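Annotated features in TrEMBL:
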BINDING   Gln323, Glu373, Asn423  S-adenosyl-L-methionine binding site
DOMAIN    343-421  domain 'Methyltransferase'
ACT_SITE  Cys451  active site, nucleophile
Amino acid sequence: MAGIERRVPMHKPRCFLSRVGFFSKSGLLYWCPRKPPDWSQLLLGSACKRTFTHVITKRCQRGRKSQKKPSHLGPLDSSWQERLADVVTPLWRLSYEEQLKVKFEAQKKILQRLESYLQMFNGFKETTAAPKSEELCCLLQPIIPSPVIDGYRNKSTFSVNRGPDGNPKTVGYYLGTWRDRNMVCVRSNHLKNIPEKHSQVAQCYEVFLRQSPLEPCLLFHEGGHWRELTVRTNSQGHTMAIITFHPQELSQEELCVQKETVKEFFIRGPGAVCNLTSLYFQESTRTRCSHQQSPFQLLFGEPHIFEELLGLKVRISPDAFFQINTAGAEMLYRTIGKLSGVNSNTILLDICCGTGVIGLSLAKYTSQVLGIELVEQAVEDARWTAAFNGITNCEFYAGQAEKILPQLLKSKENGQLIVAVVNPARAGLHYQVVQAIRNCRAICTLVFISCKPYGETTRNIIELCCPPNSAKKLLGKPFVLRQAVPVDLFPHTLHCELVFLFTR
């Protein structure tokens, strides 16, 4: 999904059946509605995946036929640009107030569906804090809007492929599918969620590609070299660009020539207009490579980008996870702080902590912060941020949460209460992480942040809340889902962060 960036999934999802639907091997929850989905159902499952943007486009167009097309769209490419906008930002035709209404109704549908699953699988007596008339699994708070509506992304990843005119060196976003053989790459400078600086760097990269003698890498087995471009910016306007390159059979000398060429282009050539703070180059033979698998090579500039957030100066490495909407992230983290109820007598356990901002922002309110993160560079960023801001009660661990957490919790079994915060990838939490949380009696409060509150997240919630089950090694007292707070970090898209509060 173009609207969301998440960390590398830490497990392979499992599969189980129910009489209503099933979890597939891909971790998605499939539904078979008997009637066309309404607005909010478009966020549920993947059965509607092929048609939901079409439905949204049609519904937005109804009653807006008199709406003029943006004046910057030319007659030849306006159809391609509008089609891309309908896929990447399908709510762009609605006012922001209307978008929030759509998203709030979608969250209600999600919680209604979740309630039915909790009742079905767990047979609870205490499952909800919401009015029975709502049939929700918990109390749903009003949606928190994003302070910034347009151009809010601080990170964008652009693809390279054939454009509508057939030019294979086009930089933008994809339309179509490989399966249907109608894939095309469309420039994305008109999208409402992309800042002008990101579009500028993407356009300059396209200029560079079209004057390069090397071909783009459209399919790995067909050769070619130039691949994706990632742009990261901060609120001060500093810009980091990361170019992904497939080396194929090039020698080290030939690779050095290409690195010098692209470096020269962005320092003294036409790309100098971008005024990059730093330029990275990654030689990658896979779709995605971490820094450990294929190091990011700094061609020039500063190795990190920095952001001011909640009174902290935060360091961000090229592949570190950081919420893509900085102003919205502040709203999200304040919400987490209020729900967590941390105090000087509690330990805050931040699982999947990224650059550690959640824990660091709450460190002064709690006795100790323990953070776990898969990406080593992000952990280094968290440690730097703690040291720079004079925070001394934080420890950060790099590695898979399912391997670190059980032993870490054993070492903290001293009677002190633990508040856990989890912010996993779309694939949800590894089942061993759920087991460790469930079986640690010191954890009485859990805050769960999800940008995809269905699929594997539904499984996680069921396992957190179900009665004790020795076969699944879920022995601790079950959690009760108390409330949910939607926070809109992704205006113009269907996505929304949903923050769950569990207690026991």
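Heads up, the Cβ atoms here are built off N, Cα and C, so glycines get one too.
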Cα distance (Å, whole number) from Cys451 (active site, nucleophile) to Asn423 (S-adenosyl-L-methionine binding site): 9
Largest separation between Cα atoms (Å) of residues that the record links to S-adenosyl-L-methionine, namely Gln323, Glu373, Asn423: 15
PLDDT averaged over the residues of the domain 'Methyltransferase' (343-421): 91
Residue pair Glu373 (S-adenosyl-L-methionine binding site), Cys451 (active site, nucleophile) - Cα distance, angstrom, rounded: 18
Secondary structure content, the domain 'Methyltransferase' (343-421) (per DSSP, counts of residues): 33 helix, 22 strand, 24 coil
Protein Cβ atoms within 10 Å of Gln323 (S-adenosyl-L-methionine binding site), excluding its own: 25
Other C-beta atoms that fall within 10 angstroms of the C-beta of Asn423 (S-adenosyl-L-methionine binding site): 24
Between the residue listed as 'active site, nucleophile' and Gln323 (S-adenosyl-L-methionine binding site), the C-alpha gap once rounded to whole angstrom: 11
Recorded positions: Glu373, Cys451 - member with fewest neighbouring CB atoms within 10 Å: Cys451
